[in-house]
Amino acid sequence: MGELQTHMQLQTDTIHEGVRKENWFAKAMNIKVGIIPLPVYALLFILITVFVMHHDVKSDILTSIAVMAFFGFTFAQIGKSIPIVRSIGGPAILATFIPSAVVYYHLLPNDIVKSTTEFTENSNFLYLFIAGIVVGSILGMKRETLVKAFMKIFIPLIVGSVTAAIVGLAVGTLLGLGFQHTLLYIVIPIMAGGVGEGAIPLSIGYSDIMPISQGEAFALVLPSIMLGSLCAIILAGLLNRIGKKKPEWTGNGKVDRSEEESPALEESQSGQQMFNLSLFASGGILAVSLYLVGMLAHDFFGFPAPVAMLLLAVLIKLFRLVPASIENGAFGVSRFFSTAVTYPLLFAIGVSMTPWDKLVAAFNLSNIITILSVVVTMMAVGFFTGKWLNMYPIETAIINACHSGQGGTGDVAILSAAERLELMPFAQVSTRIGGAITVSLTLLLLHQFY
């Protein structure tokens, strides 16, 4: 009897606890800037201010998380609050390019810039994000969809790239930029796969073949990459808006029309599995391990680490090498990164990897029109080719947009603007494989005919 009374008392206490009135502080905790409760946001502001005043902003993981979360979600929230801007990927644009501008104009404390840059460069933070998103997205797909989508996606990518190159060359030449300049310093760089795997090998190759220094070539190549990426981000945001008005054109992250329900739960024995912390951790370790294998592939064979990781994840999915429970855990990791890490990462990218002066250097009318013609053509061809192949046209257009982005950093920004980070595996194919083919063919042909 005593045990029954105790049990009933506990139930009563629980009910009272559930219906208790919230005080003003608890209510304030429900107001958020991004995912940060307002009181915590205010505390972070005070802490960061104190650290800056004492020149004590460290580049360790704890301080870096606080700094990047504070600024990343601040700029994203501003982007979400501006009516027109939020419709064209405003949160991603502001979280990336405003930090770049404030660094260039020395409006951000140097201690913040230094700590963020050191953490980003030394921690491989970007590739941890890509590993979590790519592996989780692939393991969350249906096997049949995975095969169909990867087989089909090369068609709009190839057709879009060739058509965009032709249109870009025609537009640039007509605007007086010259055939050679348009091809080598505008069209090819846009599709080269970013800075590390595009601009740098291109500029080295140009300097070996033509009478130009590597530094001069790099300075000519980089602005087109930056502006091309910005155009792709804005257009991806517009496509997201169009998709909300024309739902029949989009799979909301699914690529092939044969894909039906949420892929991550296709073989789940229980909806609770995704939230099992042990499985979540297993999925995260799997993603990290696959990326490390990719790094070895790069060291021994020169194969891009993200592509090797992607191929391994595809093989694991195709041959069912891990149980469905761990697949769901990996999918949970990708959801965590897309929800909590995207905007802090974009802030870090803006501070440490996006030179504002190079972006501004491309801002003349002829360059803008030519670059825009390349990106628009690539996305438009992706849209209509995808539709013809019975794929979701908005998704195929967004994947094609990643071929005109800033490499891995551009993929994150473009897919964030489009609100489709689950397309990261296809974006990596578009960026890494498409970029490598573009650079290799360009230098091979240039060597033969220059």
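Using the three backbone atoms N, Cα and C, a Cβ is placed for every residue, glycine included.
Checking the ranges 177-194, 195-212, 429-446 against Swiss-Prot, the transmembrane segment annotation falls on 429-446.
According to the topological domains annotated in Swiss-Prot, Gly140 and His447 fall on opposite sides of the membrane. Most Cβ pairs within less than 8 Å of the transmembrane segment (88-108), among stretches 274-294, 296-316, 336-356, belong to 336-356. Remote same-chain residues near the transmembrane segment (218-238) are listed as 87-90, 92-93, 96-97, 185-186, 189-190, 192, 194-195, 198-200, 202-203, 206, 354-355, 358-359, 361-363, 367-368, 371-372, 374-376, 379, 398, 401-402, 404-406, 410, 413-415, 417-418 (criterion: CB distance under 8 Å, separation of at least six residues from the stretch ends). The largest share of C-beta pairs under 8 angstroms with the transmembrane segment (65-85) comes from 336-356, of the ranges 119-139, 296-316, 336-356, 429-446. Per DSSP, the topological domain 'Cytoplasmic' (386-428) is made up of 33 helix, 1 strand, 9 coil. Outside the topological domain 'Cytoplasmic' (386-428) by six or more residues, the chain places 88-89, 91-93, 95-96, 126-127, 129-130, 133-134, 137-138, 140, 149-150, 152-153, 155-157, 160-161, 164, 190-191, 193-198, 225-226, 228-229, 231-237, 239-240, 242-243, 249-258, 306-307, 310, 313, 334, 337-338, 342-343, 345-346, 349, 353-354, 374-375, 378-380, 434-435 with a CB less than 8 A from a CB of the stretch.
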